[in-house]
């Protein structure tokens, strides 16, 4: 008999992840109930009709009758109803924990405030280039449990802090916390609380890949890898060499690739490449395969993506910059001949925007702020304009553009105050860029 057969298991949250939990636990002959706090959740039409469903609130009675609760990453474990169930002895886990208990092949785990989707996809492409049967999922693409249906020799998972909160059995072959900057401060008590959730990725990991420029990424206590390697611009195992005006991606004394041969550009992307290379080498991927992937990888949509270029003006969609750290990374080391027209705003999730002040208060940077926290952001720039919407901002700035200028959407905020997702925000920016120029 398997561990879940005839167990009473309540799944909280529908959508892709919740449905993957339903499918998996049905295959394990568990007795399932589903709760979603939304009145009309997405995925309701795909739920088998014989599965009991409660919507609109958390059903405390169902929770207390459960042997196990599989909680959506979108719901905090600190929620009173969940705490009541925990105190009654009910086990609370997430879909990643279910996956880790079932997976029999090595797992690469990637988390961080910024860059994790790029690094996850890079490691996936590196493994593919080496001929490895690899599955990618978690917080990107398909839910992790769906990967169990594929013929995989390796799993590469992007993991959020929310997912890691309820994961106990990861034991990654290689893991990294890319960086730690303020994000989701509406969910965590403080930065340290958020950091501790991230560090769980190192628990029982074979190799930890550390960012030598950010000591907050270093594991501690029980959350440490057995062996570590590091990446940074200088003084690390994986580093960036500058010689005769050219830059090279390095591992120790060996050249991985001249930066000019990589399709990704910008210092923050070079750090992403170094982290991905370290993870790939930790699981035995050879450098030739890594080089092949780096020469062909085109980057991800909405991540510092050139979406339009005309009359010497570049339009960059960095809508995935949903927190301050991501926008700081985009601005660091950015060279522009003319003016930078920076679009900022949305839902700041309680973040401290002051870190942006020094970067954006420069003669060549003009800020156009919009959305729920637009007024807060506008205060940090002496050259700022305030609008209700991004479209209004773009219509205003368009006539001022000159050759050599860049229009950059890197909002430092979530999108949900005005858009269905950061993708929708990026798509609107791209549409406006292409229509208005």
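Just so you know, the numbers here start at 1 and follow the chain as drawn.
Heads up, the Cβ atoms here are built off N, Cα and C, so glycines get one too.
What you are looking at is a predicted structure, and each value in this text was computed from that prediction instead of being measured.
Per Swiss-Prot, the feature ATP binding site maps to 112, 113, 114, 115, 116, 117, 118; the stated evidence is sequence analysis. For residue 114 (ATP binding site), other Cβ atoms within 10 Å of its Cβ number 27.
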Neighbour tally for residue 116 (ATP binding site), based on other Cβ positions within 10 Å of its Cβ: 25
Env. residues of ATP site, Cβ within 8 Å of mean position of 112, 113, 114, 115, 116, 117, 118 Cβ: 110, 119, 178, 179, 272, 326
Other CB atoms within 10 A, centred on residue 118 (ATP binding site): 26
